[in-house]
Amino acid sequence: MAGLSSLPSRVVVLMGGPSAEREVSLSTGRGCAEALRGEGFDVIEVDPGVTHAGAELCARLQEIQPDVVFNALHGRWGEDGCVQGLLEWMRLPYTHSGVLSSALAMDKTRAKTALKAHGLPVVDSIIAPKEAVVAAHVMATPYVVKPNNEGSSVGVYLVNEAANGPPHLSDDMPDEVMVETYAPGRELTVSVLGDAPGDPGALTVTDILTDGWYDYDAKYKPGGSRHVVPAQIPQEIWDACMDMAVRAHTILGCKGVSRTDYRWDEARGLDGLIILEVNTQPGMTPTSLTPEQGEAVGMSFGKLCRWLVEDATCDR
């Protein structure tokens, strides 16, 4: 961990931005900014806006001269290596993962390929033209259709056995989409902090309970889902979740914090545990999983945000 030379330090919290996950990012950013102020940091909130205004952001950061940039952006531009490259070019220390790992994890197909090459179980999927997906079933139901490079369950469609035809996708879905086999079972997740000896590592396992599909509302609206922390699961499954999360974090080259999401089909035991995806910018809203896991292991939300700031470096 790269500690800061003096406190309080000036921290810019990047939030909002141009992606479909703008509202989630604004919620994350406000919460993190408040927590960091409570930890004694001089915090300035900066929203790059919705127009990919890189030049304007550079000018604003040059004006502020922050010691650290806390990246609370989600989705395209903020989570895919773009803003990370800009910050490295400006030689500004920043939180979370770097250019390569952010780009790799954001591209779900390539991330799965990397994880699978290292022996980790992932959900089978294909990339298909949007026009083909809306014209006919491209795989046996049930299956899931989603953008290859968005998160927070934005633009995710579940096509089940009862569907009479292919899904009707919204106009803002990309020309190519990911279609993946639906993985049944319980939704489990593990957050990982750091990548060096002495760092917290894997925190704990959460079991996410919902009354139906774990969609955007279930993730972010109060009462949309119930979280059991720590998860009440067999030790073998617990150990596998913790181990695979650290391995996935390492394989993709993640820095700071990541969160690995799973499905577990209880009837199949260990063979039923499969990775859905790895998030390099996990949500930090009041209902988010990573802050909740931190609290469960004795790390307050403020201390979690502080840890990320003190972990910030210029070359991630």
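Every residue gets a Cβ built from N, Cα and C, even glycine.
Database features (Swiss-Prot):
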BINDING   139-189  ATP binding site
BINDING   Asp261, Glu277  Mg(2+) 1 binding site
BINDING   Glu277, Asn279  Mg(2+) 2 binding site
DOMAIN    112-310  domain 'ATP-grasp'
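A straight line from the CA of Asn279 (Mg(2+) 2 binding site) to the CA of Asp261 (Mg(2+) 1 binding site) spans 8 Å.
Cβ packing within 10 Å was compared across the binding-site residues Met139, Leu188, and the lowest neighbour count falls to Met139. Here the Cα atom of Lys146 (ATP binding site) is found 16 Å from that of Asp261 (Mg(2+) 1 binding site). With every protein chain in view, the residue among the binding-site residues Asn160, Thr181, Asn279 whose Cβ has the most Cβ partners within 10 Å turns out to be Asn279. Neighbour counts were taken as the number of other C-beta atoms within 10 angstroms of each residue's C-beta; across the binding-site residues Lys146, Pro167, Pro174, the minimum falls on Pro174. The domain 'ATP-grasp' (112-310) scores a mean pLDDT of 89 in the predicted structure. For the pair Asn160 (ATP binding site) and Glu277 (Mg(2+) 1 binding site), the Cα-Cα distance reads 21 Å. For Asp261 (Mg(2+) 1 binding site), applying a Cβ distance below 8 Å and a minimum sequence separation of six or more within one chain yields Glu187, Leu188, Thr189, Ile275, Leu276, Glu277, Val278, Asn279. DSSP assigns Met139 (ATP binding site) to coil in the three-state reduction, placing it in neither a helix nor a strand. Reduced to three states, the DSSP call for Pro174 (ATP binding site) is coil. In three-state terms derived from DSSP, Asp261 (Mg(2+) 1 binding site) belongs to an extended strand segment.
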